[in-house]
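Taking it in order: structure first as structure tokens, then the write-up.
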Amino acid sequence: MEKSIKRYVLFFTLPTLLAFAALFVVPFALGIYLSFTEFTTVNDATWVGLSNYGKAFANPDFQNALWFTSKFTVVSIITVNVLAFLLALLLTRGRKGTNLFRTAFFMPNLIGGIVLGYIWQLILNGILYRYEVTLTFDAKYGFWGLVILMSWQMIGYMMVIYIAGIQSIPKDLFEVAKIEGADRWATVRHVTIPMIMPAITICLFLTMINSLKLFDQNLALTAGAPSKETAMLALDIYNTFYGTPGFEGVGQAKAVVFFVLVALISMIQLSITRRREVEQ
Amino acid sequence: MQRETVRDNTIFVLFLVLMAVFLSPILIVLMNSFKGKFFISDAPFKLPDSTTYVGLENYISGLEKTGFLNAFGMSLLITVLSVLVIVWFTSMTAWYITRVKTGFTKSLYFAFVFSMIVPFQMVMFTMTKVANVLHLDNPLGIVIIYLGFGAGLSVFLYSGFVKSIPVEIEEAVMMDGGNPRQMFFRVVFPILKPIAITVAILNVMWIWNDYLLPYLVIGTEYKTIPIAIQYLRGGYGSIDMGAMMAMLTLAIVPVVIFYLFCQRYIIEGVVAGAVKG
């Protein structure tokens, strides 16, 4: 059968392949090349070796964005997953209204990042106003604002995945735990958590990737203010490209560093948690 | 039995309260969309009263300022076309590279998976340039950009599903003298329906809400909803908070309606997508 399908290779793959090659492969390769050059348009690139990378790492905005993004990612992974898991545990215990609550908690996830940013800007500024400050008064407000926004957006998504995981655990495992006298906490620790390791893997992964790449929410909520202190990596790269003439090469070098960082962390995270899954 | 009912009811009430708190941000935006623009920033949590209530004034000025209706049409056009194109073409590609095992298809699969972890900023500048050169910097061209940049995830999801379909059905059809082209659309594609729905949902959620790609590629000549809203903030001066609240409400309403209709598919799709991802 393979042989007769093979003749249709162009019919099946050509449209996707052309689009993928032109709009991903070429831009990706060109992006790596340009990170070693100085340019304002693609045509006037001159080779400068590693100097863009040197400038990128020496740039205080980039250092701040790296640090801010790392802190944000760690904190939001914890808040999102702990709360999502607790909600999932409770929702799989009661039987009334499970669907209603699942639907409601998931809803923020469908609202776009720009809209989410302005919703929370209104609310957080409304609260902070009583203390006579605003979201952009100090970087710490922007930081916690982003954490709250991210938690609101992602908790429902992760909760839905945790619920699916918990519901797929065979019921007799819980009965055995009960007969052996395990209390609620022991059951969660020794039955639920080990049994849903695949869900934990994927939830940690998704939260991490989404936190590292956050852009729209960041732009709408604080746009980096005060003075770029709350700009995350994606926003800092955007600002370097489109707000700092003559720094396009540095922007591209930052983007390559960003890519390598995201790729490395995803590989490491996936291999660690996948290994744990196998042991269970 | 009795104790379980009591426990069920307690959890139910607890969750009702939690849900109200959780959804309150949306209600606060809705409430403020009916208040005068000078009354929103200082007291966003107060209900509109006789001095602050302005009726539909914010909606009228917001629609004028943003061209929201055009933006809505633009978002709808781009999303529907892109998702159709993605669902159609990536299913064909994924089926082919899963069924035909050569060095070429294996490296192709690897390239698609690889593209999933590449952040947009990595190709932000160069993709915009390529789109320019190829004259894809318009509302129809952007459909092809979404196919190119979104192919990775969709091919990956389809491939995982194709692997789980026994190849015997396809072989039987081929024995009866069908050609692969007809066979794909008559036999394989209908089997792919559940994963096609997942692919469609994940892409709708992404493309409908996407801000940066359409902004960089087609600029503000044709605005989508996220661009129209970001545009309200403007370059300088203060934001018209009234118009902003009204436009946020209008941006949320279609999403909520869409969600309530397709809720089951969306949640199932997200779970299926997550497990595969």
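Placement of Cβ uses the backbone N, Cα and C atoms for every residue, glycine included.
Keep in mind that TrEMBL annotations are predicted by a computer and have not been checked by a curator.
Residues or ranges marked as domain 'ABC transmembrane type-1' by TrEMBL: B:72-262.
Feature annotation from TrEMBL assigns transmembrane segment to B:12-31 (among others).
Per TrEMBL, the feature transmembrane segment maps to B:71-96 (among others). Sequence-remote contacts of a segment are chain residues at least 6 beyond its ends whose Cβ falls under 8 Å from one of its Cβ atoms, and for the transmembrane segment (B:71-96) they are 105, 139-140, 142-144, 146-147, 150-151, 154-159, 162, 184, 188-189, 192, 196, 199-200, 203-204, 207-208, 214, 222-225, 227-228, 250, 254.
Long-range Cβ contacts of the transmembrane segment (B:108-128) within its own chain (Cβ-Cβ under 8 Å, at least 6 residues beyond either end) map to 97-98, 137, 145, 149, 151-153, 155-156, 159, 212-213, 216-217. Here TrEMBL flags B:108-128 (among others) as transmembrane segment.
Positions annotated as transmembrane segment by TrEMBL: B:140-162 (among others). Away from its own ends, the transmembrane segment (B:140-162) comes close to residues 78, 81-82, 85-87, 89-91, 93-95, 97-99, 109, 112-116, 120, 123, 127, 131, 134, 188, 192, 194-196, 198-199, 202-203, 206-207, 213-214, 217-218, 273, 276-277 of its chain (Cβ-Cβ under 8 Å, at least six residues beyond either end).
With a threshold of 8 Å between CB atoms, the same-chain residues lying at least 6 positions outside the transmembrane segment (B:183-208) that come near it are 75, 78-79, 82-83, 86-87, 90-92, 95, 146, 150, 153-154, 157-158, 160-162, 165, 169-170, 173-174, 225, 255, 262, 265-266, 268-270, 272-273. What TrEMBL records for B:183-208 (among others) is transmembrane segment.
What TrEMBL lists as transmembrane segment is B:241-261 (among others).
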